[in-house]
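Written below as structure tokens is the structure these notes are about.
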Amino acid sequence: MIKEILDQAARDKIKSQLKRNFLVEAGAGSGKTTSLVDRMVNLIYTGTAEIQEIVAITFTRKAADELKVRFQAKLEEAWKKEMDLDIEFRLGEALQNIERCFLGTVHAYCAKLLRERPIEANLDLTFKELEESDDVDILEEAWQLHLQNLINEEPHRFELIGELGISVDNLFPWLKRLKEYSDVEWVTESVPKPVLQPEYQSFMLLIKEAKRCVPEEEPPKGYDSLQKAILTAVQKEKFINPSKEKDIISIFELFDKNLKPTYNRWTAKEDAKFCEEKITAVFEVSIKPLIQAWKEYCHPIIINFLQDAVQTYEQLKKKRSLLNFQDLMIHTSKLLKGNPEVRAYFQAKYRYLLVDEFQDTDPIQAEIMYYLTSDDINEKIWTKCKPKAGSLFVVGDPKQAIYRFRRADIDTYNRVKQLIEEHGGEVLQLTTNFRTLDTVTKELNNVFEKHLPEVESDYQAAYRPLIAFHEDNGEGFTGVKRLSVPADYKKKEEVILIDAENIALTIQNLIEQGHNAKDFMVLTRYTDGVASYGKTIEDMGIPVSISGEVILGETREFQDLWILLKSFLDPTDEVGFVAVLRGIFFGISDQELYQWKQANGRFSIYAKIPAEISQELKVKFEIALEKLQRCHKLIRTLSPTAAIEKIIEEVGFYPLLLKNGRNKRTYKSLLQMLEALRKQETTGNTTYKQVIEALTELIFEKTVVANLEEDADAVRIMNIHKAKGLEAPIVFLAHPVKSVSPESFLSQHIKREEYTSKGYFTFTVKKGYADKEIAIPLEWETHKTEELMYLTEEEQRIIYVAATRAEKALIISSHTGNKKNPWNILFEMENIEEMEVPEIEVFEINIEPKDLTLSEFKAKTVSKNAWLDQSKMKTFEHWSPTKDKDYSELITIERESGGGKDWGTLIHDVFEKAVQGHELSNYIKVALNKFRLPIEREEEVKSYLQNLRKSLLWDELVTAEEVLTEVPFTLKVAKGHTLYSLITKNPEDIHPFYVKGTIDLIFKKNGSWNIVDYKTDRAKQVEDYEKLQAFYSSQLSFYKQAWEELTKESVNKELLYFLEPNQLRAL
């Protein structure tokens, strides 16, 4: 018996009613991609549309790739089954021209439209698209340019920011945020500077009076928070300038918190009560309004400062013809809005627009969507555009709208939903869930029916039940379960480690029962803790794949590395020096430091060893000081990143990671960090101080981890925002001890109205681990309350997304009371099974690592990259077309001096930038410094660059259809593969080779690819270039075959470009 699909009528409409517009609300696991594909196929099948008239917009590139595969498969299936010759021809023709159907992200689609009509869009014909990382680089460059312009032309504006008590450096993170809202009016209003002095004088009289009640001798358990504030205020008053508002505000802010007295630390309880009540009353009535007025006064000053920086940023992009993702959409919207002829052109070309994941769309995408489908090409207000019948098909699930922090706006979703219905379209509901078993969905329905409204509101989606198609037959590991951390563990770090071990043991147990590692997904609400779960699971021999962001500063090794490197900024800083000595690299105890001080030892890198200390301590300090002096010398003689790399080796950071059991992901993070620092230098941040500032951000801010095991048989670990669209048989909702109120990170409110969008932004700076508010717009409390409604409701949807990733079993981590558990509401489920973890020994939080011998270290670090890539069992080998060549046959060739590896790398780097169209006037000097080559060789580099631009190769590139530079590739070559014989001639080799290489330059002309390899060999004899060509021919031949296999496209020519004779040689 075939089970009935309750929403089949809606699914039939999607496939058959092709002349009607739909918004489909597709619940989790409801097969929305299948519905999208079915409609696309039927557009072709019925002759309603030709393949090139269909556009499908997806949320990510990965989703686009999946959609392409499924669309092609469905077309092929329909074509094979079809008996009608006319329909079969239509389907076959669509298959042959499937590449003419656009399937991709909205940014890629906008770029396509703009490239077709750049003149009407007022763009350079050769504009380039900026990736996110490159966009940040441009923004940093614009920021530095903006600051320099102010120093030269308007220095008083710097002084004004300083008068607010704000460092200009603290504003750059906000510039990064605000530039994402270039389509929004940044609301601010100038207000008079508040007069603080009179109230300050009165308040300080009260504080000094209260100080008399504070015991002179500190209580055994220390002063309470109120006493500390009083004492600090009295102390600060002695040193501040009362004519400076920022100094007065710094004292006021000491009391802008909940200051409760601990009565047994006061001389008399009555004194404590009196001080608390009096200070609180005066503060609330007189001081708090002044703090608010000061923040409102600061707001327009900061906004104007940042607006000018954005202006510089926009000018820089325009000068270089660069567009970021936001620009692509804004320019497309303007192009379509202001050019009826262009709109008509694109409407005729792309007649059917299908949009996926619309609940997470950018509001500008909605505008573009309506301009492309409107029946009135002259209508400029997008909300008044009525889509042509059948031209618009939108899929989304408002219950999964969780990207408000990335501009996604549920208001826009609700407005589009309303417009679809007003203009004759229909909203369909897909509620049948093909992903999750009914034992899970029934429990989830019980929870979300309570927490989601019956009818949608401005802030929240309506409740729709999950109707499971698959029933639980009682076989296997299924259902909803609780995994509890014992109440004995109370500290957050302990709970995370025990929870991670519980999950790891559960996974290990289930793998032994026949499950695969890839059957499991571990989700956290936030990014912190992700690395801990990954390490614990991986330590049990279970492969792990981490997606998303981690904070390197969560690990002790990176914290101490930062302390060490930062200490070299000021070698006279005694506190920093002591912190280094106490750290993991030198391990000098407090007792030993005390002995050193007692012997009149100075805390300085260049201190002399006192004669009055023991021989053992003398040796210890000699080793530390000599090492630190060598490190300091490296900083003075090398470029910052090169020095940091050498210091990392000097202090044994690599073996320390091994000894402490850090996994290869930690090592990947280190490599990414060093590469990011190198990139900083290439953008002009060449001082050690600038690089350390960048390092601080890399270590203590969230860092994206390169996920090299994405498709491997591994446990997937990520925070919930990385899990959208993913699923797994068994899902763990982990980390039960962190739940953050949205109010704590609320810093903006975007109000989108019929014709305008207004942004209300507050500004904060880091103060320790907390954010200190420094500026707010007028009436911020009203806007904050409104935004809090949106964010609070979004938290419910985040839990919904997390819980609906599971196919068979959902396991929720629990800890006593679950007050700080982000998955708290899920424990309202009635039938939740308590899991038992296998009996284990008491988990030690601080396990002493085993000693690492020299031979063990050498075995594990034959090469740093080998350690990164190696697996548990050595059943394969890495191979490179360049690194694994035998260069001995070239020894006889006489060469001119001045070449070498660094020179070759520099030339490749400069050539790559040249081909990409970058401005190189300052870059060459930066690059020479980066590779530690003499600055005098700048003219030599420029001459090679000039030769390149006059060469036949450059002529080819100018007219090429597509140009790619420095293209990395990875290829698995197994025994029997056509490339296997090019790698090894050993008949005993049977294992596969993992090939990694980088092709210098590839360009497509007349539909075929051409491969170019730059060569910086400086042979003295002209005839030796024939030998070099013969030697390098095998390398290019390998590139040719590899590229043809990877792309399934042909390579026309392999070319060698020798710089010295300026020759382009074809093989």
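Cβ atoms here come from the backbone N, Cα and C positions, even for glycine.
Annotated features in TrEMBL:
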- 5-437: domain 'UvrD-like helicase ATP-binding' (DOMAIN)
- Ala26, Gly27, Ala28, Gly29, Ser30, Gly31, Lys32, Thr33: ATP binding site (BINDING)
- 457-725: domain 'UvrD-like helicase C-terminal' (DOMAIN)
Candidates Ser30, Thr33: member of the binding-site residues with the richest Cβ shell (10 Å):
Ser30
Quick one: what's DSSP say for Thr33 (ATP binding site), helix, strand or coil?
helix
Among Ala26, Gly27, Ala28, Gly29, Gly31, the binding-site residues in question, whose Cβ has the most other Cβ atoms within 10 Å in this structure?
Ala26
DSSP three-state assignment for Ala28 (ATP binding site):
coil
Residues close to ATP site centre defined by Ala26, Gly27, Ala28, Gly29, Ser30, Gly31, Lys32, Thr33, Cβ within 8 Å:
Ser35, Asp397, Leu430, Asn433, Phe434, Arg435
